[in-house]
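Colleague: As listed in Swiss-Prot for this protein:
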- H64, H269, E270: Fe cation 1 binding site (BINDING)
- H97, E98, H236: Fe cation 2 binding site (BINDING)
- 169-179: region 'Required for enzyme activity' (REGION)
- 62-88: repeat 'HEAT-like PBS-type 1' (REPEAT)
- 95-124: repeat 'HEAT-like PBS-type 2' (REPEAT)
- 201-227: repeat 'HEAT-like PBS-type 3' (REPEAT)
- 234-260: repeat 'HEAT-like PBS-type 4' (REPEAT)
- 267-293: repeat 'HEAT-like PBS-type 5' (REPEAT)
Amino acid sequence: MSALNSRTVEEVRKDYAKLLDPQEPLDSRMRELYRLKEDCLKTAAGVTVILETIDTTDSVLLQHELAYNAGQSGREEAVPELERILRTTSYDVVTRHEAAEALGAIGSPLALQVLEAHSDPTTEPEAPIRETCELALARIAMKETKGDAAVAPPSGCEFVSVDPSPAFSALYSSTDEPVPHTVEELEAVLLDTSGRTRLFRRYMAMFTLRNLATEAAVAALCRGLREDNVSALFRHEVAFVLGQLERPSSQPALIAALKDEEEAPMVRHEAAEALGAIADPATLPVLESYATHHEPIVRDSCVVALEMHKYWANFNGLAHQQQQEA
């Protein structure tokens, strides 16, 4: 075992005291989380400190990022605490949703009971949480029946996140559901809000389009963001995927989602973060104008997006300077 992976919880707490400090500004704590993610996310001590941080903040944005990264760790030790968060209705819906998604990402059968309970409309009133649990159950079932490879990113894929569903692949087959291949076929699945297409299958189309990463695929995803009218959870994931792709052509759809006062906050927040990831100076005015928004997760996401803008502007400026000096 490396020295890095053998650090104790106490050592990681000391190294990430700013992350655990409720008095630290949000942007500072977010930077510390990203640093921990690169440093020791997949260790028992790392995920313990991530989970301990959740109850040190009332920022839904930070809570949601912490729960997301707990899921990305793949550590089964995180399951009991994530289950507690999912069950606790005093947490914001976005935080609870992210705990459920994290349970699906970890993929442990230990979580099946709580996921089944919160996928039931008779016990869980919040649609985004029910839908997240539905996706998590489907992902765990696919992992159990088809193996780890069925839910893993394709070989050579640039996107290494553990997603709520896999993309379509040769490992996915069904006599009832043919595998879509073209952008047009994938878009038809993505945009099917009739109820005939399971949400998990729509997600599979989404991640397949992301992996294709063509302009036509991006355009289809933008349509999904703005044309879907049945699932805020789905639209928020499309915005996240567009942030991963970082294509300027997606900015009009993302800006429209951020500005839409009728849109769910969870969607608007992901749209803001996606704009931050793209880091086009042209979007600075809209992010600045929503950085004082009355909805906390929208406001905080715009603040973080502006920090991302600043980082990439400095990074690109340094790279340009080095090219000039070479």
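Placement of Cβ uses the backbone N, Cα and C atoms for every residue, glycine included.
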Colleague: Which are the residues of the chain, H97, E98, H236 excluded, whose CB is within 8 A of where the CB atoms of the Fe cation 2 site average out, their centroid?
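Modeller: Result: H64, V93, V94, E101, P128, T132, L233, M266.
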Colleague: Counting across all protein chains shown, how many other Cβ atoms sit within 10 Å of the Cβ of H236 (Fe cation 2 binding site)?
Modeller: 24
Colleague: Can you name the binding-site residues among H97, E98, H236 whose CA is within 10 A of the CA of H269 (Fe cation 1 binding site)?
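Modeller: Passing the 10 Å Cα cut: H236.
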Colleague: Using all protein chains in view, find how many other C-beta atoms are within 10 Å of the C-beta of E98 (Fe cation 2 binding site).
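Modeller: E98 (Fe cation 2 binding site) is surrounded by 29 other Cβ atoms within 10 Å.
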Colleague: Return the residues near H97 (Fe cation 2 binding site) by Cβ distance under 8 Å, restricted to its own chain and a separation of at least 6 in sequence.
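Modeller: Once residues fewer than 6 apart are set aside, H97 (Fe cation 2 binding site) is near H64, E126, P128, I129, T132, L233, M266.
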Colleague: Within 8 Å of the centroid of the Cβ atoms of H64, H269, E270, which other residues of that chain place their own Cβ, given that this set defines the recorded Fe cation 1 site?
Modeller: L61, V94, H236, F240, P265, M266, A272, E273, I297, S301
Colleague: H64, H269: which of these binding-site residues has the highest Cβ count within 10 Å of its own Cβ?
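Modeller: Result for the most crowded candidate: H269.
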Colleague: Report the DSSP secondary-structure composition of the repeat 'HEAT-like PBS-type 1' (62-88) as helix, strand and coil residue counts.
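Modeller: Taking each residue of the repeat 'HEAT-like PBS-type 1' (62-88) in turn, the totals are 24 helix, 0 strand, 3 coil.
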Colleague: When each of 62-88, 234-260, 267-293 is checked against the repeat 'HEAT-like PBS-type 3' (201-227) for Cβ pairs under 8 Å, which one has the most?
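Modeller: Result: 234-260.
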Colleague: Looking at Cβ-Cβ distances, which residues of the chain lie under 8 angstroms from E270 (Fe cation 1 binding site) while being 6 or more apart from it?
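Modeller: Looking at Cβ-Cβ distances below 8 Å from E270 (Fe cation 1 binding site), excluding near sequence neighbours, one finds H236, E237, A239, F240, G243, S301.
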Colleague: Along the repeat 'HEAT-like PBS-type 4' (234-260), what average pLDDT does this model show?
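Modeller: In the predicted model, the repeat 'HEAT-like PBS-type 4' (234-260) has a mean pLDDT of 99.
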